[in-house]
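Notes to accompany the following structure.
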Amino acid sequence: MSKIVVGTITANIVVIAIGVAAVIAGVGYGIFADNGQIGAGFLPVFAGSLMTVFAALDLVTTWRGGGGTLEELAAERLGLPTDAALAPAAARTAAAGRATEPAVGSAAAATSEGTAGPAAGGATEPAEQEASTGIGEVDIFGRSQRRRNQILLIVVGATVITVLLVPLLGFIVSFALMLFGISFLVERQKLLTSIIVTVVALAAIYGIFVILLRVPLPQGIFGF
Amino acid sequence: MLENLMLGFQTALTPENLLWCFIGVLMGTIIGLMPGLGSTTGVAILIPLTLAMEPVTALIMLAGIYYGAQYGGTITSVLISTPGEAASVVTTLDGYQMARKGRAGAALAIAAIGSFVAAIISLALLMALAPPFAKLALNFGPVENLAIMILGLITVVSFSGGSLNKGLMMAAAGLLIATVGVAIASGQARFTFGNVNMLGGIPFVEVMIGLFALGEVFYQIRVGAAAPIRAKFRDMVISRNDLKRSGAPIIRGTFIGFLLGCLPGAGSTLASFMSYGIEKRFSPNRDEFGKGAIEGVAAPESANNAAANANFVPTLALGIPGGGTTAVLLGAFTIYGIQPGPLLFENQPELVWGLLVSFFIGNAMLIVLNLPMAPVFAQMLRIPYAYLYPIILLTSFVGAYSVNNNMFSVWLVLIFGVVGYIMKELDLPIAPLVLGLVLGPLFEKSLVQTSALGQGSFGIVLQSPIAVGILIFALALAIGPAIFRKVKPSKKDPALV
């Protein structure tokens, strides 16, 4: 079973659980008022039962290996013949955008570091880009899927920690740390550029939100 | 009509509104061309910035972002074959091939011209159609409104792609989220878990920012960055032959786009796919499709722009969003204290007509901006995502905080960010959830009113022919295609495809 199937089934089960809980809570709130009119619990029960029913149906479909792409379904719904050529082609071209040919990759990576090398222009031409891949492969910076998953976890974690730090350090300082941390430590960008980007971004946010719009961003021990 | 237009021009042409319109379309273009930043995300992140503005100015700017992003999305699709907007996915097919043949300039020029023509035609239609629709809807009571809500929920679900079950499941989840807070029927607190912040309900903007902005950033991190390229712009001039070939596809695309855009939820993505499919089947140059046919750029680009404008027909006339971005815009209406719906044309003529006229102005600005400036915009693609996404995260959190000035909003954004990421990974459609969330309170209100009218019985629904008609139409939309599929399996005949 593929990861996406396991994920979908897990999501379905979670939705069913929430749906059932909503129905139970809704019954508690009272579906109907004393005079027979709609009560506070009606919509929770309604939404909860729909969630339960359709999540269960989706679970069965997923289990049997059903489903299709957006384009196929849209065409089908409108009663058009499914344009089989369209969907895969779209997917392929979209994937070509994250081309993974190592040669192109290094050229592009060079550009990303701020050196506007002419080599990057090469990415427009090569036909081998066509035969590229999507998720699950090495991206243009030569990162594996494993590494990208790691980065995702680190970024989500860093965001949680940043928000937790806001009451202590203040909004501006916490987010300055996050910006610098992500660009320099996680994304391995140049030290100077990382500092400049962080300072400019936070200064702009401070100018717009604190000075112009007078939003009282939480202050920390530094007093701003 | 003329009177209304004059009023609209008076409103839209004030220096302040002109300036914000320009800022909106400029930011829209940039937002549309950044891979992973769509118009929905852009509008959601920027709503907090507009809180201090006049409602009409704010809406002019936010709408500018919406249709500006359609132009920006094209640039990315053509140059790096990575659509910034879902509606631009089909443009990658022929647009990117044209770029590889050194005709990026021509592709972008025809896209801009097609979008502009489509915008002007569809705006004229929008101005002609929305007011009578609204007038019709003015006579609607709670019963008819209830039927309209059901129609809105069903169409969005059935058109929003992916499986019907998933769409309905997410729409129901949106409805459930909308029930958090004080119930209008009885004043009871629901699902607040003793948290004071939840009494007012789950705030809309925070959910949007989380689902769209954060969810997308997390998703992009896992998918990996797109390859930046340097495109060659030999010239933005297109040949007479190009124009001749594109004329009819642009007009066809416009009408397909407008028709689909009028249906709540069908939206611009579907419109662009359909118009591409139709051109591919009937064009005299169909052999060139997929290899850089200019019709393959002109038609879908016109269609998605026309659909974006047509989306405002249900949004303004009925208060039912046409798609994801108009749903967020409707949320913005309520934040400014404006009740969307048929009364809008009566009560706020200045706002409605000012907004509609600003679309003309904004589209004119966009074509002037896009024809000569596309190469400059293309340079934006060279900003590494490594810098871009931390800034998107920062802006999302600051924006969320500034709506209500509390940390609860920040946590909500984070939670819905993770939810949005999981939904993207699992291909669960976000638009129905948003729709459920927007329509939830209105749906409940019309339910309560209907049951009060009928003294506890819903039998009165059957006494309204309009409501019954709308419900039958909704039912046909929901189950019709499924039956159609079963009856005519030959449609899937490979020979036809």
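Using N, Cα and C of the backbone, Cβ positions are placed for all residues, glycine too.
Keep in mind that TrEMBL annotations are predicted by a computer and have not been checked by a curator.
Listed in TrEMBL:
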- B:18-37: transmembrane segment (TRANSMEM)
- B:18-435: domain 'DUF112' (DOMAIN)
- B:43-67: transmembrane segment (TRANSMEM)
- B:106-130: transmembrane segment (TRANSMEM)
- B:136-156: transmembrane segment (TRANSMEM)
- B:168-187: transmembrane segment (TRANSMEM)
- B:207-229: transmembrane segment (TRANSMEM)
- B:250-278: transmembrane segment (TRANSMEM)
- B:351-371: transmembrane segment (TRANSMEM)
- B:383-401: transmembrane segment (TRANSMEM)
- B:407-423: transmembrane segment (TRANSMEM)
- B:460-484: transmembrane segment (TRANSMEM)
Non-local residues, at least 6 beyond the ends, that sit with Cβ under 8 Å of the transmembrane segment (B:407-423): 170, 195, 197, 202-203, 206-207, 209-219, 396-397, 400-401, 429-430, 433
Feature contact check the transmembrane segment (B:43-67) with the transmembrane segment (B:351-371), CB under 8 Å, 3 or more pairs: yes
Positions whose Cβ lies under 8 angstroms from the transmembrane segment (B:383-401), at least six residues beyond its ends: 34-37, 45-49, 205-206, 209-210, 213-214, 217, 220-221, 225-226, 228, 407, 409-410, 412-413, 417
Cβ-based contact of the transmembrane segment (B:136-156) with the transmembrane segment (B:460-484), 3 or more pairs under 8 Å: yes
Recorded stretch that, among B:18-37, B:43-67, B:250-278, B:460-484, has the most CB pairs under 8 Å to the transmembrane segment (B:106-130): B:250-278
Intrachain residues whose Cβ lies under 8 Å of the transmembrane segment (B:460-484), provided they are six or more past its termini: 140-141, 143-144, 146-148, 150-151, 154-155, 157-158, 164, 450, 453-454
Across the domain 'DUF112' (B:18-435), average pLDDT on the 0 to 100 scale: 80
